Amino acid sequence: MMSQDELKQAVAKAAIQYVPVDCIVGVGTGSTANFFIDELARIKHKIRGAVASSEASAKRLQGHGIEVLSLNDAGSLPVYVDGADEITRHLHMIKGGGGALTREKIVAAASKKFICVCDASKLVDVLGKFPLPIEVVPMARSSVARQLVTLGGQPKLREGFTTDNGNIILDVHGLSIMNPVELESELDHIAGVVTNGLFARRGADVLLLGTAEGVKTMTV
Ligand code: 5RP
């Protein structure tokens, strides 16, 4: 029986084949993305560098001697590799468990292909069991929370946490998300919401899922 970490490592390894030679790679955040960064280090002479979706990932990349570029300098990227907190067969995701959702959404949007790397526990039929992270401008905390309650959620402030962009995170419990594309847009229209953790309008293009039977590749 493979451990969860071994499954994450297997999908991180499998993601390397999606990295074109001589490119700048978009790199996500979290424990699975960390395994990917460690795999990327082995082929670092074959890439030009990386754009990171968090300070933490930038540090880890630099620790391996991989050049980290700003997205503004890098331009459009061929590929973005990141984990997810939940993902469906339609490759819609909840992300932001690590609080890096805003930069993740930006780097993903600037990338031609989103490769999602997950262990099997992340695959769900309906999104929402994992509390949906929403990054909010601090002064809008209460007003955004009230509007989230009217949508049927129970927002909880992520205590003691500030995002890389200086904002707070509300984790919304109790949502059963039947229409992730619609809800993503609706949440984005609440004044004070910077980014919500639904990645549905721009979902993943490829899911590499680590299972006991090996790495499964899924596309929509
Ligand atoms: C961070 C994220 C991560 O991709 C998500 O939390 C999954 O992390 P892990 O690979 O550690 O399970 O969205 O903001």
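Backbone N, Cα and C define each Cβ position, glycine as well.
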*According to TrEMBL, T29, G30, S31, T32, D82, G83, A84, D85, K95, G96, G97, G98 bind substrate; so which of K122, K129, K156, K216 is the extra one listed there?*
K122
*asked:* Between T29 (substrate binding site) and E104 (active site, proton acceptor), how many Å separate their Cα atoms?
replied: 8
*Give me the Cα-Cα distance between D82 (substrate binding site) and E104 (active site, proton acceptor), rounded to a whole Å.*
8
*Got a sec? Which of T29, S31, D82, K95, G97, K122, the binding-site residues, have CB under 6 Å of any ligand 1 atom?*
T29, S31, D82, K95, G97
_Three-state secondary structure, T29 (substrate binding site) (per DSSP)_ = coil
